[in-house]
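Novice: Just lifted these from TrEMBL, have a look:
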type   : residues : note
DOMAIN : 9-144    : domain 'Peptidase M16 C-terminal'
Amino acid sequence: MFDASSAPNESKVEPQKLFSKPVRIIETYPAGEGGDLKKHMVCLNWLLSDKPLDLETELTLGFLNHLLLGTPASPLRKILLESGLGDAIVGGGLEDELLQPQFSIGMKGVSEDDIHKVEELIISTLKKLAEEGFDTDAIEASMNTIEFSLRENNTGSFPRGLSLMLQSIVR
């Protein structure tokens, strides 16, 4: 049983400072029983703000996240899955339920020789989309999906109560 009197008086979590340049962290993790020790996981992460987002920016980033990763036809999701560089996508895209929003994307099951290829593919795809934009039909479809989700509070298989709690915590 948890003894609340043993909790530290000051348990505030301070915001993470934004990095001025990319930081590479290489860590090991336990492989599952019979796992391939020559496979790697690559994940690129961006801390998007040093403070909570205003609602307009949060909605805009959610819309962009859906365009990038939300459907099988989404360009970033599609190019990663079709690349053959890894077994599956890791990182859920936009995470805005915590104090500071972040964006994470990568692949697991990547060979050591392909680690930099995955990184380059993600960066080059994001740059290309920033320059060329998205297909008009994809934009309209994403807007419709997000509008429906907001109207219906559709959380899919995620528990609705937990979703509402997480949404309200950082407000």
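Note: Cβ is positioned from N, Cα and C throughout, glycine not excepted.
Describe the structural surroundings of these features, if you would.
Specialist: Summarising model confidence by region, the domain 'Peptidase M16 C-terminal' (9-144) averages a pLDDT of 92.
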Novice: In the domain 'Peptidase M16 C-terminal' (9-144), how many residues does DSSP call helix, how many strand, and how many coil?
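Specialist: The composition, in the requested order, is 54 helix, 27 strand, 55 coil.
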